[in-house]
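So the structure is just underneath, and the comments pick up after that.
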Amino acid sequence: MHQLTLANISKALAAKQFSAHELTTHLLARIKQLDPQVNSFITVTEDAALQQAQAADQLRSEGQSSALLGVPLAHKDLFCTQGVRTSCASKMLDNFIAPYNATVIEKLNQAGCVSLGKLNMDEFAMGSSGETSFYGASKNPWDLERVPGGSSSGSAAAVAARLVPAATGSDSGGSIRQPAAFTGLTGIKPTYGRISRWGMTAYASSFDQAGFLAHNAEDCALLLQATAGFDERDSTSAQQPVDDYPAALTQPLQGIRIGLPKEYFDDRLDARIGDAVHTAIEQLKQLGATFVEVSLPSLPHAVATYYVIASAEASTNLARFDGVRFGYRCEAPKDLEDLYLRSRNEAFGEEVKRRIMMGTYALSTGYYDAYYLKAQKIRRLIKNDFTNAFEQVDLILGPTTPNLPWQLGAKANDPVAAYLEDIYTVPANLAGIPGLSMPAGVIDGLPVGVQLQAPYFQEARLLQVAHQFQQHTDWHTRTPAGF
Amino acid sequence: MQWETVIGLEIHAQLATDTKIFSGSATEFGAEPNTQASLIDLAMPGTLPVLNEEAVRMACMFGLAINAEIGEYNIFARKNYFYPDLPKGYQTSQMDDPIVGLGHLDIALEDGSIKRVGITRAHLEEDAGKSLHEDFSGMTGIDLNRAGTPLLEIVSEPELNSAKEAVAYARAIHTLVRYLNICDGNMAEGSFRCDCNVSVRPKGQTELGTRTEIKNVNSFRFIERAINHEIQRQIDLIEDGGKVIQETRLYDPNKDETRSMRTKEEANDYRYFPCPDLLPVHIPREMLDSLRKDLPELPTQKRERFEQDFGLSTYDASVLSASRELADYFEAVEKICQDAKLATNWVMGELSSLLNKENLDIAQSPVSAEQLGGMLLRIKDNTISGKIAKMVFEAMAEGEGDADSIIEKRGLKQVTDSGAIEALLDDVLAANAEQVEQYRASDENKRGKMFGFFVGQAMRASKGKANPQQVNELLKKKLDQ
Amino acid sequence: MALERCDVEKLAYLARLGLDDAQLDSSTASLNTVLDMINAMQAVNTDNVTPLANPLEATQRLRTDTVTESNQRDDYQALAPAVENGLYLVPKVID
């Protein structure tokens, strides 16, 4: 059962091959047995999951059916889940039982999904390896000595280890696409504003976007269909109508024009990944796609631009964690200053503090123009790069990451080295366009991801191309040994 | 040395919306602590702001009323600092592109002159919660009901030159926001608060002196006292060879002094930047056009109309237009009695002192505009004299009914029958024969005072009801015989 | 542009992070590494470029002025480290 895709689970449940309760029981047992190896869950909500499954079975027996009824999922631990700890993988929120549901959670609950629990991540989504978690790093099921990527590390590890068929994630600079690439999954980051941010703890508000990690494009399409759309509680939520994603999957690729940004194929890129990408290009050509070279000239500055703006936003987004209304408070504060200084220093991890200070610096008097404002201007240039490229092509394709998943701890003392790994994913967040990573090879036992990027709100295009590719390849069906 | 004072005011007016600026929580005053603090107001992780349209509308109305520039877009920014009454660790405010730009307001000064005061800007922002310092086992209690209440911060140019001018300006803004119905103006509840930026410089010097900011002064009386005190403190300081430090000071009304707030001013760096959770606010021209059409008559317009239509002095006109309710009352009285002078005298005289004495506002007046107007009609048609009218007015204030029924019931109708008055005068003169002889014997220039004596006697004898004009005329005739 | 230890001390205070001496040293070093990477963007010509604050460049939607929230104090205060009589408690604030 645990090898099934979400779409197949949906069909099996509809065909009564097994019940949601049976499936949930099976997965909970797997989590108990296997999660200690990958450390993907922070909280397993066993009782609630079984109740939800039973309720879903009951509804089905009453004649109800919908694509996600009784389908198990798990959620990145930054989505608020009412009555369940929502820690953001931080000591700061280790004791925080969310008093409400995020819109994403609410919509998935309404669709009948069963939540198995909350998934590990980099603390407050700051990191690209999963190692900044207060609950310890998640491990890559393909090689337990390596990182699964981040910040949606637990989402990637859990789905790749077949503990859950799909998971929510969030992507501010690559946090869905990079771990999807590192663990052989399909991960979609929709257009900024496509899925409501209400209830998703903010890291960098103008970048944060919820999305999914699953086994294939079809599963991503089902989940996006259930969650995309306008939300009046989020001022940055898009009012654009939602496409029919599952329907788009089956469209042939004839005539589709795909751009290859030359900046994505320079000497930063591991040549073996480059080869895998070119193999994928050949396969897509056979399916009818045509390829042209395009240029995103500002790409070399994307990482710096991203870190300045994201850190600036994070520095103030995390000011609410002050030990007054919720979250961690230090022991016996001697005065108010002491309460702030110690609570925040004791409960935030090193990377979070680094970004808070970086962001504070970028906004401070005398440096605002040189850092924050400068970065906002380059952000415009990067957006313009994409606008220009999309005048020539329907989609942009390239590697998701310049390198394969690294050894746990390898970049722990070199934050910049870790930041630079985001070079191919941050541009989409800077521009706000949708992106998807799909598995396109295995090198030395480690998965490789290919990234597709599309113009605003053209998630259907991304899913269509990925789905067609997946009809003719089997990388997405590979399972790491031992899972 | 001659000193010149320069004052600028920052007024925080709480907008009279039903809900907060970024959440659907109620804004009622006086609720149990933290019962009007929602997920958003508490800055729970994952919560997001959505802007209240009514707050935008009200700010635009204010902008239109002060003839300000209202840009097509305005932007919310985060002002970052830590304080327990500020749940997000930043205040959502406006910095570079406020909703209301440069405008002005004409204020009437005591000497009857009009001063045009520049208003630099007015921006929307959220109010903070309240810290309660009563002892909770040595702790401070935080109530976040007020957090997120919409504020319009109105910043004047540094163009006010005395405490009195500052108060006149603050009053004019207070009047304006109440006319516009965008703020209840309740200073005791903190709906209308004032920060005063004060500096002094030698007369003739063009550059400004170092200013201090006096925070949260919560009555007009205190504004005047706090500023005057601060002016004197600065002058004394400079004359003693000291220097004014730019700082925030608090006014202590009990001690009538300002004192420095012990904040780490030098460490403040608010790091303003555009709030990424809120998008630029678009103000369509059509919206402004329709708001402009719906604007009520403004205090300045009303004052000018009172001057022109009723021939009132600038001072009287500005007092009567100081509140919409008072102006409406006055106009209702005038409409009934058709005598603006009489109406002005009674509204600003007897009525005002009655309200002052009873500590009531015009809406609570025990004498209605209809009652007062009706009484003034009886003065005009000589049914009662001004003196009797005061009695009637008091009776109306006591709830004895309208003027006509009081006059009837108490028999206060003025005696205008000249035969009756002559008879009465004959009695008075007969009873005071000695004084009559003295009067007739004395010089013309000494007769005035004695004449008054006879009038007084006559009025007393008529219990005030004799028509004073007739008494005067007939008495003169009789004495001169 | 490089940060001195005293700069980092100021930043840490602005952000209310009570770093100890060892943390200040290591933060100064690591922030400077990050700054080296970031400073490369100073070379980009951004003359006449309008800053981009939000990728979608939409405008703010407005909410009707209707009360939608009810009192949930007890639930929310269950999450707080210290409350009394409905108030959140903090060490004494001195104005």
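Every residue, even glycine, has its Cβ placed from backbone N, Cα and C.
The following features are taken from TrEMBL:
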- A:22-463: domain 'Amidase' (DOMAIN)
- A:Lys76: active site, charge relay system (ACT_SITE)
- A:Ser151: active site, charge relay system (ACT_SITE)
- A:Ser175: active site, acyl-ester intermediate (ACT_SITE)
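DSSP assigns A:Ser175 (active site, acyl-ester intermediate) to coil, not to a helix or a strand. Reported as a whole number, the C-alpha separation between A:Ser175 (active site, acyl-ester intermediate) and A:Ser151 (active site, charge relay system) equals 5 Å. The Cβ of A:Lys76 (active site, charge relay system) lies under 8 Å from the Cβ of A:Lys118, A:Leu119, A:Met121, A:Ser152, A:Gly154, A:Ser155, A:Ala167, A:Thr168, A:Gly169, A:Ser170, each of which sits 6+ residues away along the same chain. According to DSSP, A:Ser151 (active site, charge relay system) is assigned to coil rather than to any helix or strand.
A sphere of 10 angstroms centred on the C-beta of A:Ser151 (active site, charge relay system) encloses 35 other C-beta atoms. Its own atom aside, the Cβ of A:Ser175 (active site, acyl-ester intermediate) has 36 Cβ atoms within 10 angstroms in the protein chains shown. Across all of the domain 'Amidase' (A:22-463), the predicted model scores a mean pLDDT of 97.
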